[in-house]
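Taken from TrEMBL as is:
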- 38-200: domain 'tRNA(Ile)-lysidine/2-thiocytidine synthase N-terminal' (DOMAIN)
- 44-49: motif 'PP-loop motif' (MOTIF)
- Cys119, Cys122, Cys210: [4Fe-4S] cluster binding site (BINDING)
Amino acid sequence: MSVQTAKQVYNFNKLQKRLRRHVGEAIADFNMIEEGDKVMVCLSGGKDSYALLDILRNLQAHAPIRFDIVAVNLDQKQPGFPAHVLPAYLDELGVDYKIVEEDTYSIVKDKIPEGKTTCSLCSRLRRGILYRTATELGATKIALGHHRDDILETLLLNMFYGGTLKSMPPKLVSDDGKHVVIRPLAYCKEKDLVRYAEARAFPIIPCNLCGSQENLQRQAIKTMLQDWDKRFPGRIESMFRSLQNLVPSHLLDHRLFDFKGVDRDSGVIDGGDIAFDKPEVAPRFSVEDDDEPVAEPGERLQIIELK
Ligand code: SF4
(Lines of atoms letter the chains of each structure in order from A and count residues from 1; the text may use other names and numbers.)
(Lines give C-alpha, C1' and ligand atoms only; values in the text may rest on other atoms or scores of the structure.)
Protein backbone atom coordinates (compact mmCIF):
# COMPACT_ATOMS: atom_id res chain seq x y z
CA MET A 1 0.00 0.00 0.00
CA SER A 2 1.46 3.39 -0.97
CA VAL A 3 1.95 6.18 1.58
CA GLN A 4 -0.68 8.23 -0.21
CA THR A 5 -3.22 5.41 -0.03
CA ALA A 6 -2.52 4.79 3.63
CA LYS A 7 -3.13 8.49 4.32
CA GLN A 8 -6.37 8.41 2.35
CA VAL A 9 -7.53 5.37 4.30
CA TYR A 10 -6.60 7.07 7.57
CA ASN A 11 -8.47 10.26 6.59
CA PHE A 12 -11.53 8.31 5.50
CA ASN A 13 -11.63 6.34 8.74
CA LYS A 14 -11.36 9.57 10.71
CA LEU A 15 -14.15 11.16 8.68
CA GLN A 16 -16.40 8.12 9.03
CA LYS A 17 -15.82 7.96 12.77
CA ARG A 18 -16.65 11.65 13.14
CA LEU A 19 -19.88 11.34 11.15
CA ARG A 20 -20.93 8.26 13.10
CA ARG A 21 -20.19 10.04 16.36
CA HIS A 22 -22.19 13.10 15.35
CA VAL A 23 -25.17 10.99 14.28
CA GLY A 24 -24.94 8.90 17.46
CA GLU A 25 -24.86 12.04 19.60
CA ALA A 26 -27.84 13.60 17.83
CA ILE A 27 -29.85 10.39 18.17
CA ALA A 28 -29.05 10.25 21.89
CA ASP A 29 -29.57 13.97 22.61
CA PHE A 30 -33.05 14.02 21.06
CA ASN A 31 -34.04 10.39 21.65
CA MET A 32 -34.56 10.03 17.91
CA ILE A 33 -34.58 6.24 17.65
CA GLU A 34 -35.99 3.83 20.21
CA GLU A 35 -36.17 0.07 20.66
CA GLY A 36 -38.43 -1.53 18.04
CA ASP A 37 -38.63 1.53 15.76
CA LYS A 38 -39.11 1.14 12.04
CA VAL A 39 -37.19 4.04 10.53
CA MET A 40 -38.18 5.11 7.04
CA VAL A 41 -35.13 6.74 5.46
CA CYS A 42 -36.12 9.13 2.69
CA LEU A 43 -33.66 8.64 -0.12
CA SER A 44 -33.62 11.33 -2.79
CA GLY A 45 -30.48 10.21 -4.55
CA GLY A 46 -28.54 13.20 -3.18
CA LYS A 47 -25.33 12.91 -1.17
CA ASP A 48 -26.97 13.63 2.19
CA SER A 49 -29.62 10.94 2.05
CA TYR A 50 -27.12 8.34 0.83
CA ALA A 51 -24.86 9.22 3.75
CA LEU A 52 -27.81 9.08 6.16
CA LEU A 53 -28.75 5.58 5.06
CA ASP A 54 -25.14 4.42 5.11
CA ILE A 55 -24.42 5.74 8.61
CA LEU A 56 -27.74 4.59 10.09
CA ARG A 57 -27.12 1.07 8.77
CA ASN A 58 -23.71 1.14 10.29
CA LEU A 59 -25.03 2.28 13.66
CA GLN A 60 -27.83 -0.28 13.45
CA ALA A 61 -25.24 -3.05 13.28
CA HIS A 62 -23.56 -1.83 16.49
CA ALA A 63 -26.43 -0.24 18.44
CA PRO A 64 -27.49 -1.70 21.78
CA ILE A 65 -31.12 -1.38 20.66
CA ARG A 66 -32.92 -3.14 17.83
CA PHE A 67 -34.55 -1.09 15.10
CA ASP A 68 -35.46 -1.63 11.44
CA ILE A 69 -34.65 0.50 8.43
CA VAL A 70 -36.62 0.82 5.22
CA ALA A 71 -35.37 3.12 2.47
CA VAL A 72 -37.97 4.95 0.39
CA ASN A 73 -37.45 6.84 -2.84
CA LEU A 74 -40.10 8.80 -4.65
CA ASP A 75 -39.75 8.65 -8.42
CA GLN A 76 -41.49 11.89 -9.39
CA LYS A 77 -41.20 11.17 -13.10
CA GLN A 78 -38.93 14.03 -13.95
CA PRO A 79 -37.64 13.68 -17.50
CA GLY A 80 -34.24 12.03 -17.44
CA PHE A 81 -34.61 10.54 -13.94
CA PRO A 82 -32.38 7.46 -13.97
CA ALA A 83 -34.93 5.09 -12.39
CA HIS A 84 -32.55 2.12 -12.36
CA VAL A 85 -29.84 3.77 -10.21
CA LEU A 86 -31.40 3.55 -6.74
CA PRO A 87 -32.88 0.02 -7.04
CA ALA A 88 -29.50 -1.25 -8.28
CA TYR A 89 -27.71 0.42 -5.36
CA LEU A 90 -30.24 -0.77 -2.76
CA ASP A 91 -30.34 -4.33 -4.15
CA GLU A 92 -26.59 -4.50 -3.84
CA LEU A 93 -26.75 -3.25 -0.24
CA GLY A 94 -29.46 -5.77 0.57
CA VAL A 95 -31.53 -3.17 2.39
CA ASP A 96 -35.31 -3.27 2.62
CA TYR A 97 -36.71 -0.57 0.28
CA LYS A 98 -39.66 0.78 -1.64
CA ILE A 99 -39.71 2.94 -4.75
CA VAL A 100 -42.90 4.97 -4.99
CA GLU A 101 -43.82 6.15 -8.48
CA GLU A 102 -46.00 9.25 -8.67
CA ASP A 103 -46.03 11.69 -11.55
CA THR A 104 -45.85 14.90 -9.52
CA TYR A 105 -43.77 16.41 -12.33
CA SER A 106 -46.85 16.66 -14.59
CA ILE A 107 -48.95 18.14 -11.79
CA VAL A 108 -46.30 20.78 -11.07
CA LYS A 109 -45.88 21.62 -14.76
CA ASP A 110 -49.63 21.89 -15.10
CA LYS A 111 -50.20 24.11 -12.08
CA ILE A 112 -47.15 26.41 -12.06
CA PRO A 113 -46.82 28.97 -14.86
CA GLU A 114 -43.66 28.75 -16.99
CA GLY A 115 -40.71 30.56 -15.40
CA LYS A 116 -42.11 30.44 -11.82
CA THR A 117 -40.42 28.50 -9.01
CA THR A 118 -41.67 24.95 -8.82
CA CYS A 119 -39.88 23.64 -5.73
CA SER A 120 -42.47 24.57 -3.11
CA LEU A 121 -45.40 22.76 -4.77
CA CYS A 122 -43.12 19.88 -5.76
CA SER A 123 -41.89 19.39 -2.21
CA ARG A 124 -45.39 19.77 -0.74
CA LEU A 125 -46.66 17.00 -2.98
CA ARG A 126 -43.60 14.89 -2.16
CA ARG A 127 -44.21 15.39 1.57
CA GLY A 128 -47.80 14.15 1.34
CA ILE A 129 -46.77 11.06 -0.60
CA LEU A 130 -43.97 10.26 1.83
CA TYR A 131 -46.33 10.57 4.82
CA ARG A 132 -48.80 8.24 3.14
CA THR A 133 -46.01 5.78 2.38
CA ALA A 134 -44.82 5.88 6.00
CA THR A 135 -48.33 4.91 7.12
CA GLU A 136 -48.52 2.11 4.56
CA LEU A 137 -45.15 0.73 5.65
CA GLY A 138 -45.93 1.02 9.36
CA ALA A 139 -42.89 3.27 9.87
CA THR A 140 -42.63 4.77 13.35
CA LYS A 141 -40.03 7.43 12.37
CA ILE A 142 -39.34 9.30 9.14
CA ALA A 143 -35.63 10.16 8.80
CA LEU A 144 -34.56 13.09 6.62
CA GLY A 145 -31.04 13.94 5.49
CA HIS A 146 -30.85 17.60 6.55
CA HIS A 147 -27.53 18.54 8.13
CA ARG A 148 -26.00 21.30 10.28
CA ASP A 149 -25.59 23.72 7.37
CA ASP A 150 -29.20 23.23 6.22
CA ILE A 151 -30.23 24.09 9.78
CA LEU A 152 -28.15 27.28 9.84
CA GLU A 153 -29.32 28.34 6.38
CA THR A 154 -32.93 27.85 7.47
CA LEU A 155 -32.33 29.85 10.64
CA LEU A 156 -30.96 32.80 8.66
CA LEU A 157 -33.69 32.55 6.00
CA ASN A 158 -36.32 32.72 8.74
CA MET A 159 -34.59 35.69 10.36
CA PHE A 160 -34.04 37.57 7.08
CA TYR A 161 -37.39 36.91 5.45
CA GLY A 162 -39.75 35.34 8.02
CA GLY A 163 -39.24 37.45 11.16
CA THR A 164 -38.89 34.35 13.33
CA LEU A 165 -36.00 32.79 15.19
CA LYS A 166 -36.64 29.25 14.04
CA SER A 167 -34.90 26.53 12.12
CA MET A 168 -35.44 22.85 11.27
CA PRO A 169 -36.37 20.74 14.30
CA PRO A 170 -34.18 17.72 15.05
CA LYS A 171 -37.31 15.76 16.00
CA LEU A 172 -40.95 16.78 15.75
CA VAL A 173 -44.37 15.53 14.77
CA SER A 174 -45.14 16.15 11.10
CA ASP A 175 -47.52 18.91 10.03
CA ASP A 176 -50.29 16.35 9.42
CA GLY A 177 -49.96 15.30 13.07
CA LYS A 178 -49.35 11.65 12.22
CA HIS A 179 -45.62 10.99 12.05
CA VAL A 180 -42.45 11.62 14.00
CA VAL A 181 -39.84 13.18 11.73
CA ILE A 182 -36.16 13.01 12.72
CA ARG A 183 -32.96 14.57 11.35
CA PRO A 184 -30.08 12.36 12.50
CA LEU A 185 -27.51 14.39 10.49
CA ALA A 186 -28.34 17.55 12.48
CA TYR A 187 -24.78 17.75 13.91
CA CYS A 188 -22.99 16.80 10.65
CA LYS A 189 -21.17 19.40 8.58
CA GLU A 190 -22.04 19.53 4.91
CA LYS A 191 -18.38 19.55 3.90
CA ASP A 192 -17.91 16.25 5.74
CA LEU A 193 -20.87 14.80 3.88
CA VAL A 194 -19.46 15.98 0.55
CA ARG A 195 -16.14 14.26 1.29
CA TYR A 196 -17.91 11.13 2.53
CA ALA A 197 -20.07 10.89 -0.60
CA GLU A 198 -16.98 11.23 -2.78
CA ALA A 199 -15.06 8.61 -0.84
CA ARG A 200 -17.99 6.17 -0.87
CA ALA A 201 -18.71 6.94 -4.56
CA PHE A 202 -22.46 7.19 -4.02
CA PRO A 203 -24.34 7.22 -7.36
CA ILE A 204 -25.67 10.77 -6.98
CA ILE A 205 -28.83 11.83 -8.81
CA PRO A 206 -29.25 15.64 -9.06
CA CYS A 207 -32.48 17.28 -7.89
CA ASN A 208 -32.71 19.67 -10.82
CA LEU A 209 -33.71 17.30 -13.54
CA CYS A 210 -36.92 19.27 -13.87
CA GLY A 211 -34.88 22.34 -14.87
CA SER A 212 -36.19 24.34 -11.92
CA GLN A 213 -33.95 27.10 -10.62
CA GLU A 214 -32.58 26.47 -7.18
CA ASN A 215 -33.95 28.57 -4.39
CA LEU A 216 -31.85 31.69 -4.93
CA GLN A 217 -32.18 33.08 -1.40
CA ARG A 218 -31.05 29.82 0.16
CA GLN A 219 -28.18 29.61 -2.32
CA ALA A 220 -27.05 33.16 -1.44
CA ILE A 221 -27.07 32.32 2.27
CA LYS A 222 -25.17 29.09 1.66
CA THR A 223 -22.50 31.04 -0.24
CA MET A 224 -22.29 33.59 2.57
CA LEU A 225 -21.86 30.87 5.22
CA GLN A 226 -19.21 29.10 3.15
CA ASP A 227 -17.35 32.38 2.77
CA TRP A 228 -17.50 33.02 6.54
CA ASP A 229 -16.29 29.51 7.20
CA LYS A 230 -13.17 30.19 5.13
CA ARG A 231 -12.49 33.69 6.45
CA PHE A 232 -13.50 33.26 10.10
CA PRO A 233 -12.71 29.74 11.30
CA GLY A 234 -14.98 28.77 14.17
CA ARG A 235 -17.80 31.20 13.33
CA ILE A 236 -20.13 28.52 11.96
CA GLU A 237 -19.46 26.25 14.95
CA SER A 238 -20.26 29.15 17.27
CA MET A 239 -23.46 29.98 15.40
CA PHE A 240 -24.59 26.38 15.59
CA ARG A 241 -23.71 26.20 19.26
CA SER A 242 -25.88 29.26 19.89
CA LEU A 243 -28.92 27.22 18.83
CA GLN A 244 -28.25 24.99 21.81
CA ASN A 245 -27.69 27.87 24.22
CA LEU A 246 -30.71 30.16 24.28
CA VAL A 247 -30.98 32.87 26.93
CA PRO A 248 -34.63 34.05 26.85
CA SER A 249 -34.04 36.81 29.42
CA HIS A 250 -31.64 38.47 26.95
CA LEU A 251 -33.98 38.26 23.97
CA LEU A 252 -37.26 40.07 23.38
CA ASP A 253 -39.97 37.43 23.35
CA HIS A 254 -42.16 38.21 26.35
CA ARG A 255 -43.99 34.91 25.85
CA LEU A 256 -40.78 33.03 26.67
CA PHE A 257 -39.66 35.15 29.61
CA ASP A 258 -41.78 36.95 32.19
CA PHE A 259 -40.32 40.45 31.79
CA LYS A 260 -43.48 41.98 33.26
CA GLY A 261 -42.90 40.06 36.47
CA VAL A 262 -39.30 41.30 36.92
CA ASP A 263 -38.77 43.48 39.98
CA ARG A 264 -35.92 44.16 42.41
CA ASP A 265 -36.68 40.89 44.24
CA SER A 266 -36.15 38.82 41.09
CA GLY A 267 -32.41 38.59 41.69
CA VAL A 268 -29.70 38.48 39.03
CA ILE A 269 -30.90 36.38 36.12
CA ASP A 270 -28.47 34.96 33.53
CA GLY A 271 -25.73 37.44 34.49
CA GLY A 272 -28.19 40.30 34.86
CA ASP A 273 -28.15 43.56 32.92
CA ILE A 274 -24.76 45.22 32.49
CA ALA A 275 -26.21 48.65 31.73
CA PHE A 276 -24.15 50.73 29.28
CA ASP A 277 -21.34 48.23 28.87
CA LYS A 278 -21.34 46.19 25.71
CA PRO A 279 -21.47 42.45 26.43
CA GLU A 280 -18.03 40.89 26.19
CA VAL A 281 -17.92 38.46 23.31
CA ALA A 282 -14.65 36.57 23.57
CA PRO A 283 -13.92 34.22 20.68
CA ARG A 284 -14.68 30.75 21.96
CA PHE A 285 -13.88 28.61 18.96
CA SER A 286 -11.02 27.97 16.64
CA VAL A 287 -10.69 25.17 14.16
CA GLU A 288 -7.80 22.78 13.81
CA ASP A 289 -7.31 21.78 10.13
CA ASP A 290 -10.82 21.05 8.87
CA ASP A 291 -11.85 18.89 11.75
CA GLU A 292 -13.18 19.61 15.18
CA PRO A 293 -13.28 22.98 16.90
CA VAL A 294 -10.67 23.07 19.65
CA ALA A 295 -10.86 24.92 22.91
CA GLU A 296 -9.26 28.27 23.52
CA PRO A 297 -7.40 28.39 26.85
CA GLY A 298 -9.89 28.36 29.68
CA GLU A 299 -12.75 27.17 27.48
CA ARG A 300 -12.17 23.44 27.71
CA LEU A 301 -15.34 22.56 29.58
CA GLN A 302 -17.70 24.33 27.22
CA ILE A 303 -16.00 22.91 24.16
CA ILE A 304 -16.30 19.35 25.39
CA GLU A 305 -20.05 19.80 25.17
CA LEU A 306 -19.83 20.95 21.56
CA LYS A 307 -21.32 18.62 19.01
S1 SF4 B 1 -35.50 21.04 -8.14
FE2 SF4 B 1 -37.22 20.11 -9.26
S3 SF4 B 1 -37.42 18.07 -8.38
FE4 SF4 B 1 -36.18 19.26 -6.95
S5 SF4 B 1 -37.70 20.10 -5.51
FE6 SF4 B 1 -37.41 21.64 -7.09
S7 SF4 B 1 -39.06 21.23 -8.53
FE8 SF4 B 1 -38.83 19.39 -7.29
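In case you wondered, yes, glycine gets a Cβ from its N, Cα and C as well.
Overlay of TrEMBL annotations on the structure.
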{"residue": "Cys119", "record": "[4Fe-4S] cluster binding site", "Cβ within 10 Å": "18"}
{"residue": "Cys122", "record": "[4Fe-4S] cluster binding site", "Cβ within 10 Å": "21"}
{"residue": "Cys210", "record": "[4Fe-4S] cluster binding site", "Cβ within 10 Å": "18"}
Local confidence of the domain 'tRNA(Ile)-lysidine/2-thiocytidine synthase N-terminal' (38-200) - pLDDT mean: 96
